[in-house]
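Please read the structure below before turning to the comments.
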Amino acid sequence: MAVRPGLWPALLGIVLTAWLRGSGAQQSATVANPVPGANPDLLPHFLVEPEDVYIVKNKPVLLVCKAVPATQIFFKCNGEWVRQVDHVIERSTDGSSGLPTMEVRINVSRQQVEKVFGLEEYWCQCVAWSSSGTTKSQKAYIRIAYLRKNFEQEPLAKEVSLEQGIVLPCRPPEGIPPAEVEWLRNEDLVDPSLDPNVYITREHSLVVRQARLADTANYTCVAKNIVARRRSASAAVIVYVNGGWSTWTEWSVCSASCGRGWQKRSRSCTNPAPLNGGAFCEGQNVQKTACATLCPVDGSWSPWSKWSACGLDCTHWRSRECSDPAPRNGGEECRGADLDTRNCTSDLCLHTSSGPEDVALYIGLVAVAVCLILLLLVLVLIYCRKKEGLDSDVADSSILTSGFQPVSIKPSKADNPHLLTIQPDLSTTTTTYQGSLCPRQDGPSPKFQLSNGHLLSPLGSGRHTLHHSSPTSEAEDFVSRLSTQNYFRSLPRGTSNMAYGTFNFLGGRLMIPNTGISLLIPPDAIPRGKIYEIYLTLHKPEDVRLPLAGCQTLLSPIVSCGPPGVLLTRPVILAMDHCGEPSPDSWSLRLKKQSCEGSWEDVLHLGEESPSHLYYCQLEAGACYVFTEQLGRFALVGEALSVAATKRLRLLLFAPVACTSLEYNIRVYCLHDTHDALKEVVQLEKQLGGQLIQEPRVLHFKDSYHNLRLSIHDVPSSLWKSKLLVSYQEIPFYHIWNGTQQYLHCTFTLERVNASTSDLACKVWVWQVEGDGQSFNINFNITKDTRFAEMLALESEGGVPALVGPSAFKIPFLIRQKIITSLDPPCSRGADWRTLAQKLHLDSHLSFFASKPSPTAMILNLWEARHFPNGNLGQLAAAVAGLGQPDAGLFTVSEAEC
């Protein structure tokens, strides 16, 4: 039955209405509605479905649908069918299946979309028919695209410091579709993938993690979509740099070559220099301070001494010293010889020709001498046999302890039976002994000689004077050797920083008064038959170039003992102060020694010693004791391992003793906490006419790279006026930490309002930035107050620089030998040198003591070095006596039991 063409739209409308009621018109996805009983495989299948589109300006958009198999396809927009005349239809046949294919297109204009009001959006959907049923496509939404002109938030100009973060916010204009945002830096696109220092947040803000100088620019936020591209106002970002001070230059040379003057130092605002409007550095770029340059004093000879007695070689001599005055502060040395000899004649002078009478006289004298020697030999043998058991094991330790008697550094008295003294003289070689001493030995010695005799030869109980038996030529050679050897001639005799003396196998001690520096020469350290003139010298840091690497610092004075190259059979002990706070976690300490070529070498790393080392150092809180068999120039150097490494500084305040002007200077010294540094400043202030006005304090200075600051406060303005231009003064960290600069100080100049003002009350603060500090409360009368002068008087007391023989030791020689003989052999019951070391708290390096022929001698030598002259012999005696059983029978233990 044929249907008229005019009826097709009506029939199609009826069918579509019924279908939409059954399936719903708001489905957005493809929906199939098969006819009951039909083949579902022949339902329409969409090859192309309509998609969401935007209308740009007034251009219509095209929607396309394509389905197979399909007999009809119609569009429905917002629930209404699109007129058939608005469809553009193309029919074809699928080449693979032979099924009919249909493609339909429609145009949607801006006016059609704008007719929809409210919240509903304009949408379109395709419906396709086949003999098996219908299928609906997904919905396609048609929106009008736009982008408003005004940004909701624009970036603002900023000024930021270097390495500070930057955030530039941007909220783009409203638009459909939503606008994409990008940033321009001076019209160049910012790409976060190429610059990890920047990124763009989800809210479109531009973030610079750390501002750089290159980030100074104009920044623009750009928003764009398919409709338009909008630019925000440009925001100027300026990255500025605040100025920073460079390090201070070294202090200039004092303006006065001799006496008081000024010196200055400067710094510049270039670390870094201010840029882009950054702040300039605060503070002064120039500092001035008062200085005092010591005037050089040329040396001058003292008067000649009297001529010595005419010697056997028909010569006598006289001497003089370069001490009237001694050269100092760079003055010239005396020129000429210090020793003068000339021929002489006297009864003692030997003549070349002798008559027969002289020959007979000489033969008689020789015969008498031989008889006396034989008689003396017999007496010695008898005496030693009676005393044969003297060196056997002592049955009672009271014999040991009773022998401990205090030894004074004053001349020996005649009532001490254990004291053996030697007083060498360059003109004669006479040695005086007092007492009865007999050591253990295989056989009695036939005679005693200064050059090769035994220390404890059997002598009577009386007083004996023994003359050296060497020929006259040897004595003459000895005198000439002392006057001509280079090291002896170069010694600065008479100075306060040196000690020297003549020593033999008996040993002795050299001390530089008020410095804490001494050299202990134990018995038998000098080979028997040798006589050495040994010196001990304290050097000023500016006179000796000690190279320091990295964070190294000088902790001790630089000390020389010599002459170098002399043969020693036992280690000597060099004692000197140090200013470090010992801590193995904070310091790496090294003992340095200058080689013959002048270079400095690390001869010992403290904490890494081994018994094979030639050197050993006993380090204590304020002093170190160096064992060495090679004399030379030494210094203790430390390298900080952490900021906890600390040096002790001693702070001293000096002011003039007499003040004749209105100005009054307070000098604050910052020294190493060592006796030698204190001595140097005291001597300097005595020359400047200064006095100590406060008790010294100790400040702990850390390796934190922070400077030391000094300031004065609470100065009564009605009486005094401070002339300090800044709030505080600074001593640079490296000037202190290096340790090689002397006389580090700052001067505070006050001016009296009235010449009659004499009372001064103020406060002086000294502190390390972010570290330790000290405060001085000054309250005294500048014309009458001398209460602190006694401290300097005590510090300036001198001592005997050289002690020779047993007078240099606290422990009597015989008792010392008994201790060594008894404690050197190992003992299973603990009565040996190891236990003694523990009792004396010297057991940190037992391996070093064990490597020596006599460990006990090393321990006693160290005890002597640590405790002279004020050591408590009673405590040592108690330690020795306590080694045995409770009955104090230490030496009753036989060798078989050990």
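Sequential numbering from 1, following the chain as shown.
Just so it is clear, glycine is given a Cβ too, placed from its N, Cα and C backbone atoms.
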### Query
Quick one: which of 566-584, 661-679, 870-888 does Swiss-Prot have down as region 'Interaction with DCC'?
661-679
### Query
According to Swiss-Prot, which residue out of Trp183, Trp245, Trp600, Trp833 bears the annotation C-linked glycosylation site?
Trp245
## Note on the structure
Going by Swiss-Prot, the cysteine from Cys77, Cys126, Cys170 that pairs with Cys124 in a disulfide is Cys77
### Query
Among Cys269, Cys281, Cys334, Cys344, which cysteine is annotated in Swiss-Prot as forming a disulphide with Cys310?
Cys344
### Query
According to Swiss-Prot, which residue among Trp262, Trp301 is annotated as C-linked glycosylation site?
Trp301
### Summary
According to Swiss-Prot, of the residues Trp81, Trp129, Trp248, Trp737, the one annotated as C-linked glycosylation site is Trp248
### Query
Would you list the DSSP helix, strand and coil counts for the residues of the region 'Interaction with DCC' (661-679)?
5 helix, 10 strand, 4 coil
### DSSP-derived class (H/G/I helix, E/B strand, else coil) of Cys291 (disulfide bond)
strand
### Task
May I ask for the residues of the chain that lie six or more residues beyond the region 'Interaction with DCC' (661-679) and have a Cβ under 8 Å from a Cβ within it?
290, 496-497, 512, 514-517, 538, 555-557, 576-579, 622, 647-655, 685, 690, 693, 696, 698-699, 708, 710, 712, 720, 723, 731, 736, 739, 742-752, 755, 760, 764, 766, 778, 782, 795
### Message
Applying the under-8 angstroms CB criterion, which one of 44-141, 298-350, 817-897 scores highest with the domain 'Ig-like C2-type' (155-234)?
### Response
44-141
### Task
Find the shortest Cα-Cα separation between Cys126 (disulfide bond) and the disulfide-bonded residues Cys77, Cys170, Cys269, Cys310, Cys344, and name the residue that gives it.
Cys77
### Query
Closest of the disulfide-bonded residues to Cys295 (disulfide bond), Cα to Cα, picking from Cys65, Cys77, Cys170, Cys221, Cys334?
Cys334
### Rounded inter-Cα distance in Å - Cys269 (disulfide bond), Cys254 (disulfide bond)
25
